[in-house]
Structure formats: structure tokens, C-alpha cells
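J.: So Swiss-Prot lists these for the protein:
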type: TRANSMEM; residues: 33-53; note: transmembrane segment
type: TRANSMEM; residues: 77-98; note: transmembrane segment
type: BINDING; residues: 83, 182; note: heme b b562 binding site
type: BINDING; residues: 97, 196; note: heme b b566 binding site
type: TRANSMEM; residues: 113-133; note: transmembrane segment
type: TRANSMEM; residues: 178-198; note: transmembrane segment
type: BINDING; residues: 201; note: ubiquinone binding site
type: TRANSMEM; residues: 226-246; note: transmembrane segment
type: TRANSMEM; residues: 288-308; note: transmembrane segment
type: TRANSMEM; residues: 320-340; note: transmembrane segment
type: TRANSMEM; residues: 347-367; note: transmembrane segment
């Protein structure tokens, strides 16, 4: 009799995805982030579900319901802060995961890469709408500012904004629909993750050398399951330390003030994980131009497979490209810092320079450096 693991129609799928999956023997810890993202998604759905049991999506009671969760619900404070800080962990891992893909040339798996970019957009949309739900000052004004950006779309912009708001301003209708979307999107994301994995398993994983590893594969279980468990353990230690000691470290104090449409906070800014994109948006003095730059700053990821001009897939043996990669990382950190600063000198200039460098590095410097490396290697 054949093993049930290999014959049962459902268990067979799990077996081929997580147990008997042939994996390259040399993938490093940079390949841990995929599984960590999966764990994060599961954690967010679970904590989110329990929060939704006590939350009310109404402008008059939303803020109070979050307070009620933290004060009166058994371990409500823990669930709330795990959910809020879990989102931060999610984005840290997302950025590491994407960075790994760029460094090692994983974007040459075009189907996997493009669905991954769409996943990033879906997660960003979910996080944005989740930030609106507590209905604090930054929730309300963040929602107002970001949704208002759509009014820059020629001809149909203003109508589109009012359609999204469900009225003439961010109000009860907006909060209710944002809650509905925030609840449904993670399940759509889960389906997209399955498609992401389906495409990945068509080709198999990349590896640090960027070479074909068919001649040297090992089973996913037990080698990479145990490695992933270590990653999850380290993640949980980090997350729980954050939740237990400094739960508000990454949040905004303004969000502890209930939403007030008559009082604008001095500095409107999104959560830290959107600051780089926010800095790019702010660095262009034209509304439509800013919105286009913001959109393109994320969608530029889809151009990586087209812009790849090196004869080698990975950056492991390309020191010049490695330098550019780390310049790009430093540039994004500068953008993140600038995004959290007030709009005044010298931050405006720094933001504009960093935004320009971001696009220039990806669109011009990286492809041309790769071509030069080909020449240097006489390829």
C-alpha cells in the first residue's frame, strides 16, 4: 500500500509543497523570509479575527471599541498589539524578501515575481485600511490625505474620491467599507500566496549562485522545515519583545486622540513602512506628478526582469552591482527617514535628491553597470 501522504488527493499537494519538495542544497537564511511571511499572514488573520469579534465599525464607537478591547477583553491588549506590531514584522520581512529577490536575481521567474508585486500592493492596501480602523487622529487624516490623492486623476478624479468615501468627506460610510475590505483582503492575499507558490514550484527555488541546481537537490523536510522553525522562533521572540516592552514604539501618539475633522495634526504621516513611498510622493511639487511617482515607485519592481542585462543571474559574483544594491538600500533608508520629517529645509532637498537617486539607480545605473561587468568578464 502506498503512503497516504503520497496518494491522498489533498495531502499529496501538501507533500509536494512542503515535504518531498526538491530544494537547492545551498539556499541561505535569506530564503527563510517566504515561510516567515506565511506565518505572519496566519498570525494576522488569527489576531484580526479575534479583534473583529469586539470591534465596531462606526465612527461614534470605533475608538471606544479599541479601548474596550485593550482594557476589558481577556488578553485584548495582547491581541491588539500583536496585530499592530505583526504588521510591522510583515513589512520588514516583505522588504527583506524583495531585496533578496533583487540581489540574487529571483525576478527572472517572471510569473512568480509579478504575482509577488501584486501581493505587495494588496498587503499595502490592507495595511492602509487597517490603520484607519481605530479612528484616531492619524487614522482619519491619513485616510483623508491618501484617498484624496485619487482626485489628481484627470476628469474622473473628484468623482472617484467621493465614490470611495461614500459621501463628501471621510465619514461613517468610509469606515464601514474600509473594515469590510480590511477583513476580506487577507483571504484574497492567501489565495494569491497559493498562486505565488504554484508558480514558484513550476521552476523550483533559485539559489545564491543563481545557477541551475537540479543536479544537487535535497528534500525540503527535514532540512528546511527545521531551518524555518528556527526563523519562526526568532521572529516570535522579536515580536513578543516588541509587544511586551514597547508596544507603541512604531505607532504614532496622535492616534491616541479620537478623530476630529475640525483639528488637523501638525504632521500627517503614515506608518513607518510607507514612509519611503510617502517621501517620494512629497518630493514632487505637482499633485498628479507625485501620485504617478508614488505608483511607479512600487510598480518599478515589475521592470526588474526587463532591465536585467547581466550574463549572470545573481549578484554574488558582481561586486559593482553589489555596491549599487547597497546604495539603493541606503537610499531607501534615507527616504524612510525623510518621510517622517516635517516639510521644510533641508528635508525637502534631501527627499528630492533621494527620490531622484532611487529611480536613477534602478533604471539607469544598475542595467548599465551589469553591461559593463559583462565587458570586464569578456562575456
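Cβ coordinates come from backbone N, Cα and C, glycine included.
Give me the lay of the land around each of these features.
T.: Listed by sequence, the residues of this chain that lie at least six past the ends of the transmembrane segment (33-53) yet keep a Cβ under 8 A from its Cβ atoms are 69, 79-80, 82-83, 86-87, 89-90, 93-94, 96-97, 100, 182-183, 186-187, 189-190, 193, 228, 231-232, 235.
Residue environment of residue 83 (heme b b562 binding site) contains 21 other Cβ atoms, counted within 10 Å of its Cβ in all protein chains.
For residue 196 (heme b b566 binding site), applying a Cβ distance below 8 Å and a minimum sequence separation of six or more within one chain yields 112, 115, 116, 119. Secondary structure at residue 196 (heme b b566 binding site), as computed by DSSP, is helix.
Taking Cβ pairs closer than 8 Å, the transmembrane segment (113-133) reaches residues 55, 57, 62, 66, 87, 90-91, 94, 98, 101, 106-107, 139-140, 142-143, 146, 174-175, 178-179, 181-182, 185-186, 188-189, 192-193, 195-196, 199, 270-271, 273-274, 298-299, 301-302, 304-305 in its own chain, all 6 or more past its ends.
Cβ environment of residue 201 (ubiquinone binding site): 16, 17, 21 lie under 8 Å away, each six or more residues apart in the same chain.
Sequence-distant contacts of the transmembrane segment (347-367) (same chain, six or more residues past either end, CB-CB distance under 8 Å): 279-280, 282-284, 293, 296-297, 300, 303-304, 307-309, 321, 324-325, 327-328, 331-332, 334-335, 338-339, 341.
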J.: Checking distant contacts: for the transmembrane segment (77-98), what same-chain residues at least six beyond its ends satisfy Cβ-Cβ under 8 A?
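T.: Distant contacts of the transmembrane segment (77-98): 30, 33-34, 36-37, 40-41, 43-44, 47-48, 50-51, 66, 69-71, 116, 120, 123, 127, 130, 235, 238-239, 242-243, 247, 250-251, 271-273, 301.
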J.: Within the chain of residue 97 (heme b b566 binding site), which residues six or more apart in sequence place their C-beta under 8 angstroms from its C-beta?
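T.: Spatial neighbours, sequence-distant, of residue 97 (heme b b566 binding site): 33, 34, 37.
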J.: In the same chain, which residue numbers or ranges, 6 or more beyond the ends of the transmembrane segment (320-340), come under 8 angstroms Cβ to Cβ?
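T.: Sequence-distant neighbours of the transmembrane segment (320-340): 99, 102-103, 269-270, 272, 274-280, 282, 310, 347, 350-351, 354-355, 357-358, 361-362, 365-366, 369-370, 372-373.
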J.: Specify the secondary structure state of residue 201 (ubiquinone binding site) as given by DSSP, simplified to three classes.
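T.: Reduced to three states, the DSSP call for residue 201 (ubiquinone binding site) is helix.
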J.: How would DSSP class residue 97 (heme b b566 binding site) in three states?
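T.: DSSP assigns residue 97 (heme b b566 binding site) to helix.
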